[in-house]
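Feature annotations, reproduced from TrEMBL:
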| type | residues | note |
| --- | --- | --- |
| DOMAIN | 173-323 | domain 'O-antigen ligase-related' |
| TRANSMEM | 7-23 | transmembrane segment |
| TRANSMEM | 29-46 | transmembrane segment |
| TRANSMEM | 58-75 | transmembrane segment |
| TRANSMEM | 81-101 | transmembrane segment |
| TRANSMEM | 113-134 | transmembrane segment |
| TRANSMEM | 154-183 | transmembrane segment |
| TRANSMEM | 190-205 | transmembrane segment |
| TRANSMEM | 211-230 | transmembrane segment |
| TRANSMEM | 312-329 | transmembrane segment |
| TRANSMEM | 341-361 | transmembrane segment |
Amino acid sequence: MSTLKINFTPALSLLLFFSLFFNTESNVIVFYLAFLINILYLFVCISSRLKLKIEPFVYFYFLFLCWAMLSVAWARNVDLAISMNIRLVILFFCIVFTINLQNNHSSLVKWGYYGLLAGVLVNVPLTFFDFFYISGRFSGTTINPNHISLFSGFVIFLSILNRRVLSSSILILAIVFCSYLILMTGSRKGLLLVMVSLSILLFNLDRKKTSFSYLGMLGLVGIGFLFFFVSQLEYLSTIHPTFIRFYELTQINVNDLSREGFGGDGSTRWRLIFIVEGFSIFLHNPIAGIGLDNFKTIFSEDLYSHNNYVELLSTLGIVGFCLNYIFYFSIFKQVLKSKTIFCVFIVFFFLLMDFAMVSYFERMYILPLILIYFSAKSYNEIENTTSY
């Protein structure tokens, strides 16, 4: 007599990553339902097999979480620290879900990728409705246009990393729709990501091994392109609003952060003000900072530093800063093992992006990064097998 076995884990992985696209007050319930279903399934699995898979980076994240919890003791605003710690605990469980839902790396990456791609496809038709725009920039089902841009960027990363196992139709569909969403968000980071990623793909450099001479040559080409790009910004800004935001960067005066003398856009001006203030706080509280998420006590509870380095140094001190980036570099170490130009670019992009966003608590940043980790791990295993 045969028995029918139903495997729910692909659907759970897909649901978890799809739910990351829902983080507004009105739709975040989608994420919490996915979280609840996943945690119930995880507890059932643990109770039946009494076994939990753990990757090295999980231990480093746990150490960071412990330090964040300790910071409640010296936080200026205890409520802010406790609230953010709850978010970090939820993220920790999501990391554990991601690792344990699938039996192998390829299945984990596959269903996580399809979950993110499903989120992209849901958001594409929403670009035709004004309701899903914030100040002329598309935000879709997320709370911030930059979130949609980052999700789309991660899907492009994963598409190129896994193109040997993806059909050409899915690869093209993913890149076209993700590029379209990034353009609609008006994200400067997203547009740069698309331009560099597509250049690497078109010139077939994603599998090219790195060397100092090759990186130096690409660096010179990149600098040359950057100068050309900047010289054409005034014209490009007449084509699409995204380029206006780039053009405004060329008009800033960093020596004068007043509204009248700065010259650039207000967003960049405030980010520089936050950096100056955050670094000043770090110099006065270098070891432990002022407590998790307590940068919000400086200006307003609605404002954070928009810079992961400054946020960590000012709120958790040099200890929290080091613990967080040890966690990141334990992931980047696996990504860099492939020694390909594209993987070097991914790591460079993540480190550069932290100058313009706070990432340490963002599930929409950490979980796709883990998919990139396992994509690189699978690639490295295949390369090691074929080299023998």
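Using N, Cα and C of the backbone, Cβ positions are placed for all residues, glycine too.
Where the transmembrane segment (190-205) meets the stretches 29-46, 81-101, 341-361, the count of C-beta pairs under 8 angstroms peaks at 341-361. For the domain 'O-antigen ligase-related' (173-323), the mean pLDDT of the prediction comes to 79. Counting Cβ pairs closer than 8 Å and at least 6 residues apart in sequence, the transmembrane segment (7-23) and the transmembrane segment (113-134) reach three or more and so form a contact. For the transmembrane segment (312-329), the partner stretch with the highest count of Cβ pairs under 8 angstroms, out of 29-46, 58-75, 81-101, 341-361, is 58-75. Beyond the ends of the transmembrane segment (341-361), by six or more residues, the same chain brings 64, 84, 87-88, 91, 146, 150, 157, 160-161, 189, 193, 196-197, 200, 205-210, 214-215, 218, 271, 293, 304-309, 311-312, 324, 328, 332, 335, 369, 372, 376 to within a C-beta distance below 8 angstroms of the stretch. Cβ atoms under 8 Å from those of the transmembrane segment (113-134) belong to residues 13-21, 140-141, 144-145, 148, 151-152, 154-155, 158-159, 162, 170, 174, 177-178, 180-181, 184, 368, 371 of the same chain, restricted to positions at least 6 beyond its ends.
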